[in-house]
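Take a look at the structure below.
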Amino acid sequence: MAATVRRQRPRRLLCWALVAVLLADLLALSDTLAVMSVDLGSESMKVAIVKPGVPMEIVLNKESRRKTPVTVTLKENERFLGDSAAGMAIKNPKATLRYFQHLLGKQADNPHVALYRSRFPEHELNVDPQRQTVRFQISPQLQFSPEEVLGMVLNYSRSLAEDFAEQPIKDAVITVPAFFNQAERRAVLQAARMAGLKVLQLINDNTATALSYGVFRRKDINSTAQNIMFYDMGSGSTVCTIVTYQTVKTKEAGTQPQLQIRGVGFDRTLGGLEMELRLREHLAKLFNEQRKGQKAKDVRENPRAMAKLLREANRLKTVLSANADHMAQIEGLMDDVDFKAKVTRVEFEELCADLFDRVPGPVQQALQSAEMSLDQIEQVILVGGPTRVPKVQEVLLKPVGKEELGKNINADEAAAMGAVYQAAALSKAFKVKPFVVRDAVIYPILVEFTREVEEEPGLRSLKHNKRVLFSRMGPYPQRKVITFNRYSHDFNFHINYGDLGFLGPEDLRVFGSQNLTTVKLKGVGESFKKYPDYESKGIKAHFNLDESGVLSLDRVESVFETLVEDSPEEESTLTKLGNTISSLFGGGTSSDAKENGTDAVQEEEESPAEGSKDEPAEQGELKEEAEAPMEDTSQPPPSEPKGDAAREGETPDEKESGDKSEAQKPNEKGQAGPEGVPPAPEEEKKQKPARKQKMVEEIGVELAVLDLPDLPEDELAHSVQKLEDLTLRDLEKQEREKAANSLEAFIFETQDKLYQPEYQEVSTEEQREEISGKLSATSTWLEDEGFGATTVMLKDKLAELRKLCQGLFFRVEERRKWPERLSALDNLLNHSSIFLKGARLIPEMDQIFTDVEMTTLEKVINDTWTWKNATLAEQAKLPATEKPVLLSKDIEAKMMALDREVQYLLNKAKFTKPRPRPKDKNGTRTEPPLNASAGDQEEKVIPPTGQTEEAKAILEPDKEGLGTEAADSEPLELGGPGAESEQAEQTAGQKRPLKNDEL
């Protein structure tokens, strides 16, 4: 028995340890439940979070604004982000980086890079020799890639979200323009990795806007399709999207609302920035004309002046949207010369006339890609700040054919709210109402490969083949499997973009390389040698276009198949018994279970193998070209049966005949016969058919990225370390600034306090002069040498000053606390004395307190009175400039000791049951006669009437003034049910008038 107990103890300890670990994991998980979204615009970003108790909230930045500039200022020893960096754009435009997202995923010879150079000539861009991309050259020792700069912005957005949520956040959904190609999307993902963010999804900003619109109007969505057009003009680009809303049936959640992207059109350079650049150029021209006769320099050659003009152009664009004209003015634009000029809305519209002509373009592209007409569009909704320009709305009304444009959506925050809803849906920590999102592929992707064919006997040639992998406007996320049937040796194939004819010539040049990846397969021939007796079912390449729209090749496999016959095996007694019992209840052994003993692999493929074995080679080859042997593994076909009839490789005819034979021979499944008798084992063995066995061999893959090489892992790690060092430096800078501000604030506050009466009363002139001199010396040091002081030095200076002023502050603080503490002590002493007096008046037969308890309380009361009077007398003798002997902490200690004794007696009275009353012979309680003498009732009668009422006031709570809970919570009153007080009254032998609630 003892040994058993000893064995159980370690198990119990292990169980408790596991429970503790699980609880710790749950607590840690609860601290990281929040998710965030980043609506990454060209000019500014919006950040939103979802955390337990906070559903979908826009994050306020440090300046309490709902949107933050996407701006970074980089210097040798400091870095600024957000609004701080936007303010530095005027002082140091060369080190202030903006609109750098336009350079993501683009090589140095891209037209978009040349456009960026012309817009912002103050930035120096050099070429990365390995990737042929551009980098910002801040100084000879300082350079950053666009991905690194974006990583800084994403890290800053996470810090804002964490400060707002008050907990760490790692999971995020980031919006990207719908026209981003594979290289641009991978660049954003690399930037997120540098920032340490786990990207749940890259969601297109038009899809996020459509999701936000649908989530808040899900009650209006029904089975009837509603086509909505969203026209989103941002700072850098314009996107027009046609979305269809309707309810659909899902396997997991039943009928749910769905949005489907039907058509997309875009213009990469049409936006508010281009309008501001036109205005900036106009203002620069006006300024040069005003100084034409002064032989001044061209304002365009001054980066700081051009930065001021761009900021004023941004303000002008906003003001002219609501006013017919406005006065542009800048103080000290250049060479201390002020600039002032009047600009009208008509002039602004003339400057941007060619831009307004491009407004209908995305609408036509969206309609063409959706294969819809304007009559099918129910509503056109405006999104984005530049759509507030009146001319944009005027020009847009004509091509959309509507009387008015919809403005019933938050144009600035819709994408952020839709993205954070998707983040909550993708996170395992939240359960949201399902909303099906079907995004669309903008750029088609295909597979190209070359194969030898024999056109004539003895004449062989190479034939180029193309297979569309993901078609234009096809839904994603989606998985596809393509099968190569005519290869038995290693070969290569290429993944490229499909037909991009819908793009204009300029867009094609900006698009970049149309070749994505070259795939080299290794090990195909070895797989055929490994399974010489198996029939090849082709080389299957598994592709995945994930939720972020990023294409990946999951794996490549060589698949073989053969027919095998299971040898009859003698069943054990238990197996026979189990089969017999299951057959009696209509069950049987599943053929799936019989096949589990092999290495067969079940595939999720939609299309059967191409051609049968009886087909001639030419016919099978033609069929391969026509049918494009592609298999979608995202969902099985609805007609595909489950169970044995769904074995891979069967043709529809084989499945039908198989079902028929099984229907005619039910005993093959182990089912009971007509009379309920299970079949004989020998008969079952004879009727057992041959089954197909599939073998899968993994094929080696070597990828060569052609559009834009990804960062090597070592360079990526170097970039991560570079950003971490910058973040650490920023934290150290913030800590130093905090220490300097604390020191400066302490100096000013203390200098002011030295002249306040309450501080002068408790200090001598010499003490104040000493403190004042030290404060002045430290202030001078802070002004002269404080800029180069470290955080430790600043903290040491502050600690030195606090130590010097500690006695002064202590005396003032104690005198502030005395009135409140002494008043509380007096109240507690008075209540305790009254309580003790009432307790002593309780009759002996009803007494619940012992003499020791009451004596102890009386001693504590007397000691406290004595200590208080003595300490006050001693304190009165001391001068105010000396350390006081009456301390607030001592008063609190005395109060705690006295309150502890009173609470002990109160709790005892509350939980003590009343003693039973003695009964006479008639069964009634004995009560003393009303006219009994005082000598007969000396020990039982409560003396004078006034004391009796006082005791009742202490022992019985006021029913009118306090409820039961209030009486119980009062530390100086008994909160019992009142039985003791009633019994004391009966023992007293005095008749009292009954109260209303006792009648």
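Glycine too: its Cβ is placed from the backbone N, Cα and C atoms.
The signal peptide annotation in Swiss-Prot covers 1-32 and is backed by experimental evidence.
Under the heading N-linked glycosylation site, Swiss-Prot lists ASN155 (among others), citing sequence analysis as support. Within 10 Å of the C-beta atom of ASN155 (N-linked glycosylation site) sit 21 other C-beta atoms, taking all shown protein chains into account. DSSP assigns ASN155 (N-linked glycosylation site) to a helix in the three-state reduction.
Here ASN222 (N-linked glycosylation site) comes close to GLN246, THR247: these same-chain residues lie at least six apart in sequence, with C-beta atoms under 8 angstroms from its C-beta. Summarising the annotation, Swiss-Prot assigns N-linked glycosylation site to ASN222 (among others) and lists sequence analysis as the type of evidence.
Marked as N-linked glycosylation site by Swiss-Prot on the basis of a large-scale study or a structure entry: ASN515 (among others). Around ASN515 (N-linked glycosylation site), the C-beta neighbours below 8 angstroms that are at least 6 residues distant in the chain are HIS494, ASN496, TYR497, LEU706, ASP707. DSSP assigns ASN515 (N-linked glycosylation site) to a strand.
What Swiss-Prot records for 564-694 (among others) is region 'Disordered'.
Marked as phosphoserine by Swiss-Prot: SER567.
What Swiss-Prot records for 574-583 is compositional bias 'Polar residues'.
Sequence annotations record features per position, and here Swiss-Prot assigns N-linked glycosylation site to ASN596 (among others) based on sequence analysis.
Under the heading compositional bias 'Basic and acidic residues', Swiss-Prot lists 611-626 (among others).
The compositional bias 'Basic and acidic residues' annotation in Swiss-Prot covers 641-668 (among others).
Within 10 Å of the C-beta of ASN830 (N-linked glycosylation site) there are 12 other C-beta atoms, taking all protein chains into account. Taken from Swiss-Prot, the feature N-linked glycosylation site applies to ASN830 (among others), supported by a large-scale study or a structure entry.
A helical conformation is recorded for ASN862 (N-linked glycosylation site) in the three-state DSSP classification. Taking all protein chains in view, 12 other C-beta atoms sit within 10 angstroms of the C-beta of ASN862 (N-linked glycosylation site). The feature N-linked glycosylation site is assigned by Swiss-Prot to ASN862 (among others).
Under the DSSP three-state reduction, ASN869 (N-linked glycosylation site) is assigned to helix. Taken from Swiss-Prot, the feature N-linked glycosylation site applies to ASN869 (among others).
Feature annotation from Swiss-Prot assigns N6-acetyllysine to LYS883; the stated evidence is similarity to another entry. With a 10 A radius on its CB, LYS883 (N6-acetyllysine) counts 10 other CB atoms from all the protein chains.
Positions annotated as region 'Disordered' by Swiss-Prot: 909-999 (among others).
The N-linked glycosylation site annotation in Swiss-Prot covers ASN922 (among others).
Distance between Cα atoms for ASN155 (N-linked glycosylation site) and ASN862 (N-linked glycosylation site): 65 Å, as a whole number. The Cβ neighbour count for ASN869 (N-linked glycosylation site), using a 10 Å radius over every protein chain in view, is 10. Recorded residues ASN862 (N-linked glycosylation site) and ASN869 (N-linked glycosylation site) have their alpha carbons 11 Å apart, per Cα-Cα distance. A gap of 18 Å separates the Cα atoms of ASN869 (N-linked glycosylation site) and LYS883 (N6-acetyllysine). Comparing LYS883 (N6-acetyllysine) with ASN830 (N-linked glycosylation site), their Cα atoms are 29 Å apart once rounded.
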